[in-house]
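Worksheet: one structure, shown below.
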Amino acid sequence: TVCYLFVLPVLLALLSLAVEGHVITLSSMYGSLESPNFPEPYPRDLDLVWDIRVQAGFRIRLDFSHFHLEPSYLCEYDYVKVLRQGRGSTSSSTSSSSSPLLSPSSSLSITFRTDYSDEDRYTGFRAHYTAQDVDECLERSDEELLCDHFCHNFIGGFYCSCRHGYKLHPDNRTCTVHCKDVVFRESSGIISSPEFPGSYPKSSDCQYQIQVQTGFRVRLEFDAVFDVEDHPEATCPYDYVKVVSGGRELGPFCGSVAPGSIETESSSVMILFHSDNSGENQGWSLNYTTTGTKPGLDQV
């Protein structure tokens, strides 16, 4: 029985092709490695490490074309250990090396250790590695999407783009919407978060200005459907709605309970909406109407 051990490492950053003591660094996009003296029997008391590091945006495929090590329980004598960054620890024993090993990132470390005994002569191993392009757009779950809207893969990387009406955030992944300096001059209307009743965009700051005729005051009525990201131990630290009118600031409002009705004393009202870079929430909607503040002015 031949052993492979797979464990979770912290890989060292090593540069170019070099031998530093018992560490061999490989930085080409393809290559091979083998036990000392291959195909002759390997020596006793070896402790060798190959660190393979290819360009970012690629992963490493490792194939063993020959594998012949001294068998032992739990590989306590001679063994090859493959360290793959970002993966959990597993182990297996096999007499075949037909299945390739794939690293989840651009780094891979291979350790070869032998003990002091060699009653039977074992010829060791030979392995070949190649860099393979990673399709970042496909290899993520819905919970860890790289791009808000569209993801485009190319050799060695990816880029994001957004639907019409949105712009790409400086983080090059998040899609934000332009919703500043939006002015409502009609005597009544509906205002809502972008995409309502769908999920509102991340990393957005919206400003909605209601500006009606002087002598009228604005009344706001929030819809019962209200879903803005909140926190159980802090007041609206992530996303929020604020209402600014006549020098007063109301809010912030967040969570699942709508603010209800808000009577202002002004003909000018500003509604501010902020969202951070995480979360999937439905948002909010409100109706506004106007009421006269002087005799002879009717409700509109």
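Note: Cβ is positioned from N, Cα and C throughout, glycine not excepted.
In TrEMBL, annotation is done automatically, which means it is predicted and not curated.
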Please work out, from what TrEMBL records, which of Cys151, Cys160, Cys162, Cys206 forms the disulfide with Cys179.
Cys206
Would you find the one among the disulfide-bonded residues Cys179, Cys206 whose Cβ has the most company, meaning other Cβ atoms within 10 Å?
Cys206
If you average per-residue pLDDT over the domain 'CUB' (20-132), what number do you get?
82
